[in-house]
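What follows is a set of notes on a single structure, which appears directly below.
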Amino acid sequence: MGVMDFLMQGFQTAIQPENLFFAFIGVLIGTAVGVLPGIGPMSGVALLIPVTATLTGGMEPSAAATSSIILLAGVYYGAMYGGSTTSILLNTPGESSSVVTTLDGYQMAKQGRAGSALSIAAIGSFAAGIVSIIGLALLANPLSEMALKFGPAEYFSLMLLGLAAVSGLAGGSITKAWMMTVTGLLLATIGIDAVSGVARFTYEIPVLFGGLEFLTVAVGLFALGEVFKTILHKEDDQERVAKVGRVIPSRTDLKESAGPIARGSILGFFIGVLPGAGATLASFFSYIAEKKLSKTPEKFGKGAIAGVAAPESANNAASGGAMIPLLTLGIPGSGTTAILMGALIMYNVQPGPLLFSDHPDVAWGLIASMFIGNLMLLILNMPLVKVFAKIIETPPKYLLPIIIAISVFGVYAVQVTTFDLYLLIGFGLAGYLLAKNDYPLAPLVLGLVLGPMIENNMRRALTTSNGDFMVFIENPISAIFLVCSVLWILIPFLLKLKGKNVVVNVEG
Amino acid sequence: MRTGSFDRYASVLFALIGAAFLFESRNIAKSAYGSEVGPNVFPFLLGLILILLSVKLFLESFKSVQNNNNDREKLMVKRFLIILIASILYAAFLETIGYLISTFVFLFVSFQTMEKGGWVKNALIAGVFSFCVYYLFVVVLKGSLPGLPIWFS
């Protein structure tokens, strides 16, 4: 069967009523999550995993996995879009990938053009979604076929490259990023070892035999950590939310933003495919590129529509592009995709090259549903922009305790142990302290999710080589990956030595 | 924001974590059937790397210049502690007194802590939230949560 047949099958899966419903709910909640201060895409997706787990409880495993991943992916790109709303109306980005949007978006809002900025952002996101789906459909098969030829040594090195990429770009200090990665990997070793069946670091405590649940860790670090931060630091006085005004963009706006949207989408997609780069970098690069290309660069920062269209398309395209390494290679390139991967594993669906042969319905259903989800986002957002703008005004007084309550509920509903609740609060505190001191959190979750796989592949490779570590270098493909990961660490380091500023990713 | 002193403490802490894993990994079986590499190798290596990274961070923490312009914003320690303790108690008593009551009490206390007053409205929101979540999850979705205190049912 060709790509088109698979895609058609995917659409058949995606337009089943319950999946349409899940996509709709996902996109709706995602947009709300993106708009609400305090919860970003990562904590939003993590918080919704338990909800989807119960929603899909009665379905057969494969269908349940498809439906819940459709919902969670909807939350992901919904939040990407929702983040732009606060950037434009409030001058406070909902998540790091829409920081750039504030530059021109808020200026437009001040000039009373918030409505067209918001709708251009929606149109740009939609176009970007389409570009990334086409790319996903085209690249999925060749990449997963290539990855099928990989042995354990190649896999180990590839995952190492993924970790190197994320850690190298994750924040101010590379040392801190690596410490977080290694801590994540170490935490992943707690529990029963999958290869030998030996219990490690469990000290006869029954709750530890299953290992630390990634869901608990992710919700604690991201959702609770952020809540604790907002509780401790007195929030700024409520800024005035700009008036939305006319929603339908004018013809000149559309004309001016067509080019930036197209370029932003393509650039964003390719940056998204690279592990570690992600949406934030994509939005930065596309903004800079547009400014360079523009005939009137002086307009940027003063409310140029291109300055909204390009980064918003780029960050959505990047979130689509980030699905490629996740689905085809089983390597999440960012914090959010790591959480999506954890969700898939919870359903016993292992992302990676075998996904397309073992669970084509999950993979292609997701790809098709991203198309439908993007369409829904567009339809939903044009008329509902004003409603979402109202959500911003939710007083934090109610919002923060409710986020804690939802986190507790979510973790308890899935884990059903009090131990996980203590763990949740503990990781919440750790998340606050670490994030406050510039320790990036995404690498830790990535390490936790990838840990068991890295270890298994390493041990399988070493078993075939009788414990000889040279196997990773002697194997040509594995050697290339290793060289790439070393370069990924060294190049920013060298650039820094030369005193150049390195653009870093703040959050996945 | 410079983070020198925190980094120093953190590096010691992380080094201890690394050392703990390194040390404890010696107690794990060294070999697995049919394999040269036992389940102890991976944690051992990681523990070692974590210690090395901690040393690097420890050294780096001295390089970062302290800029002592005390523009420290006032932290809301009191309300944070109250909510933190409330969360811990919430976690501890969720199973014994049930979801409905514990969530209501937790939310009500937290709302009041965030901003005093308007307790009728706060109680209403707390009550509606805990009831709605419980109803949706247990009655509509057939999930399981401890509803009311054990001695009630």
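Positions of Cβ are set from backbone N, Cα and C atoms, glycine also.
Straight from TrEMBL, the features:
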DOMAIN    A:20-446  domain 'DUF112'
TRANSMEM  A:20-49  transmembrane segment
TRANSMEM  A:61-79  transmembrane segment
TRANSMEM  A:117-140  transmembrane segment
TRANSMEM  A:177-195  transmembrane segment
TRANSMEM  A:207-225  transmembrane segment
TRANSMEM  A:266-289  transmembrane segment
TRANSMEM  A:326-350  transmembrane segment
TRANSMEM  A:362-380  transmembrane segment
TRANSMEM  A:400-433  transmembrane segment
TRANSMEM  A:439-456  transmembrane segment
TRANSMEM  A:477-495  transmembrane segment
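Sequence-distant neighbours of the transmembrane segment (A:207-225) (same chain, 6+ residues past either end, Cβ-Cβ under 8 Å): 39-40, 42-43, 46-47, 49-50, 187-188, 190-192, 199, 201, 335, 339, 342, 346, 403-404, 406-407, 410-411, 414-415, 417, 419-420, 423-432, 434-435, 441, 444-445, 448-449. Averaged across the domain 'DUF112' (A:20-446), the predicted model reaches a pLDDT of 83. With a threshold of 8 Å between CB atoms, the same-chain residues lying at least 6 positions outside the transmembrane segment (A:266-289) that come near it are 80, 96-101, 103, 128, 131-132, 135, 139, 161-162, 164-170, 260, 300, 307, 310-322, 324-325, 331-334, 488, 503, 505-508. Fewer than three CB pairs closer than 8 A are found between the transmembrane segment (A:439-456) and the transmembrane segment (A:362-380), and contact between the two stretches is not assigned (pairs 6 or more residues apart). Contact counts against the transmembrane segment (A:61-79), taken as Cβ pairs under 8 Å, peak for A:20-49 among the stretches A:20-49, A:177-195, A:477-495. Only pairs six or more apart in sequence are counted, and the transmembrane segment (A:400-433) with the transmembrane segment (A:20-49) gives three or more Cβ pairs under 8 Å, enough to call it a contact. If one looks beyond the transmembrane segment (A:177-195) by at least 6 residues along the same chain, the residues whose Cβ comes under 8 Å of a Cβ in the stretch are 163, 166-168, 170-171, 201-202, 208-212, 217, 434, 439-441, 443-452, 454-456, 459. Taking residue pairs at least 6 apart in sequence, the transmembrane segment (A:20-49) and the transmembrane segment (A:326-350) share three or more C-beta contacts under 8 angstroms. Count of Cβ pairs under 8 Å against the transmembrane segment (A:20-49): among A:117-140, A:362-380, A:477-495, the largest is for A:362-380.
Beyond the transmembrane segment (A:477-495), the same-chain residues lying 6 or more positions past its ends with a Cβ under 8 Å from any Cβ of the stretch are 150, 153-154, 156-158, 160-161, 163-165, 167-169, 174, 276, 471, 502. Within the same chain, residues 6-7, 9-11, 13-15, 19-20, 23-24, 26-28, 31, 62, 65-66, 69-70, 73-74, 77-78, 81, 122-123, 125-126, 129-130, 132-133, 136-137, 140, 320, 323, 327, 344, 349, 355-356 sit at least 6 positions outside the transmembrane segment (A:362-380) and bring their C-beta atoms closer than 8 Å to a C-beta of that stretch.
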